[in-house]
């Protein structure tokens, strides 16, 4: 316990010594100041009574305080004195900040962007799939069916200028937005360039608004531009919609589906949208088990355009430097883009799917989409009766037809026709946008290049040959055919087949059935009769090559030795 008290006492002593040292320095400083004052006023103080030295009083008081502190249990606290930033330094910093904000980098921005060196097609080139190895043909036997799956390597090149908008990118695809022309842009995942901007004028093409259709957005951020567009639309509904109808602007595209990259290039839409909303079974398509067509209907209610700049720097605040743009990704490999317009409306995606192996599937689907009466065409009607249809609406009153799955294509037609008029209850949705290169206002089109495998499947059904001999003569037959299969590399393997009774003499009446597998091809049927003539002992009655495989092939011979008759009919 005594050790604790001793430690506590010495701690106070150390603290008091530190305090005394500080006080001593202050006393010394005061004494020097008093000496200077005494020298200047010596003549005026000779008659005054002498005063005790301030240092002695201070020392005496300090000693008393020291004793009091030593005998006290209170802790000694010393607070360091903060040294404030000199006002001159503050003013200098303010001055520098103001100077930077007032510097005009317009000329620098123009010079640097104009000097960017790039090829528009190369920076926006999108290379899809590259097909190296695939099995060109495959044969699948199922009961009395033989399915031939044929694959052909194809390629597609497109350069669309209107790019589909998905929800995840609306905040970087609005009118007057700045983007980078890089890989992200080609994949519909554009990188935004966010910086201080000049005011921007935008225009909406709703009818009847006149000059009111153009407004200026002081700070063209996504939020501010969206608010300005909403205000324009509401203004149109309130004041101009009564006597005006919107012009019908519908874009329609269709394509058979073979792969993700192929359908993206063909329809200019992100395959994730189609896969996520329509549920495309790409695996079954590649196997030839299903055939799928996608149709996209784009109905544009209105378009919002941003005024194109005369010079690149027109879109930036004068304080923006090219170094700042470089830090945000601008380069020869990723030049800046400017969103020139955005189309608002709704999109209807329709999926037509069938397991039919008919070669007329694409024609049947196209006829249905175009409104052709397919009931008069038996082949088309059969295909559509064995198909399913799915429609998904993006934009408009999507809640009414969010997703429709049906076997009746008339239901799909109604989905396309319904809610085709723009109103408050049927609002528009950003569906596509167009960007231009900031350097020269050239339209930025994604150069899609992709290879894909076009898969077609043809189904063959087994058949039979019905032989019937009713002629007044001795007859002989030769029935030949090939059976087709494919090895694991897709190479055709041909097996020669023949009827066991070839060249056997048959007298009338005679009939038999020769079964043919579903993979039978190159069928040859020959029948001859014995004339009894020495110079023409045998005469051919039938000699047909490449007889098509059918459910029933009826081969009939009749007549006399000098007037034989033969025919082949199909059932």
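In case you wondered, yes, glycine gets a Cβ from its N, Cα and C as well.
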Per Swiss-Prot record, range annotated transmembrane segment [choices 358-367, 388-397, 398-407]: 358-367
Correct range for transmembrane segment (source Swiss-Prot, candidates 336-348, 375-387, 414-426): 375-387
Where Swiss-Prot places transmembrane segment among the ranges 260-273, 302-315, 316-329: 260-273
Long-range Cβ neighbours of the transmembrane segment (280-289) (under 8 Å; 6 or more residues past either end): 138, 147, 149, 257-260, 263, 274, 351, 355, 357, 453, 455-457
Contact set, same chain, for the transmembrane segment (358-367): CB under 8 Å, 6 or more residues outside the stretch: 254, 256, 291, 293, 352, 374, 377, 379-380, 382-384, 387, 456, 458-459
